Amino acid sequence: MDWTWRILFLVAAATGAHSQVQLVQSGSELKKPGASVKVSCKASGYTFTSYAMNWVRQAPGQGLEWMGWINTNTGNPTYAQGFTGRFVFSLDTSVSTAYLQICSLKAEDTAVYYCAR
């Protein structure tokens, strides 16, 4: 497999401070540059609209990088500097799920992506 033309996306399951609170993310993705990817984060064990949802990523060998957050009541997203344009936060409150979509993937998007309450 020619890894120079592929981008590996990893997502991780995260658990809240209380054992009944869970954020379960979709599985890892392998995408080519220029493609798009949509990561899901399904919440359970709490009222979804009572807490904002944050997105954070960690590139290989790097520290955590906060990407921004989405207001789960209004659906209004706030993006950190450097994450406007190709990055889209969205929600489906009927299934308590937040989404991160990345368009026009670049090699530098290779990272582990986390949702965080």
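Just so it is clear, glycine is given a Cβ too, placed from its N, Cα and C backbone atoms.
According to Swiss-Prot, the disulfide bond annotation covers CYS41-CYS115. Secondary structure at CYS115 (disulfide bond), taken from DSSP and collapsed to helix, strand or coil, is strand.
Look at Swiss-Prot and you will find 20-117 tagged as domain 'Ig-like'.
Look at Swiss-Prot and you will find 20-44 tagged as region 'Framework-1'.
Sequence-remote contacts of a segment are chain residues at least 6 beyond its ends whose Cβ falls under 8 Å from one of its Cβ atoms, and for the region 'Complementarity-determining-1' (45-52) they are 16, 18, 20-22, 69-73, 93, 96, 117. Taken from Swiss-Prot, the feature region 'Complementarity-determining-1' applies to 45-52, supported by similarity to another entry.
In the predicted structure, the region 'Framework-3' (78-115) carries a mean pLDDT of 97. The region 'Framework-3' feature in Swiss-Prot is assigned to 78-115; the stated evidence is similarity to another entry.
The feature signal peptide is assigned by Swiss-Prot to 1-19, with sequence analysis given as support.
Counting other CB atoms no more than 10 Å from each candidate's CB, the disulfide-bonded residues CYS41, CYS115 peak at CYS115.
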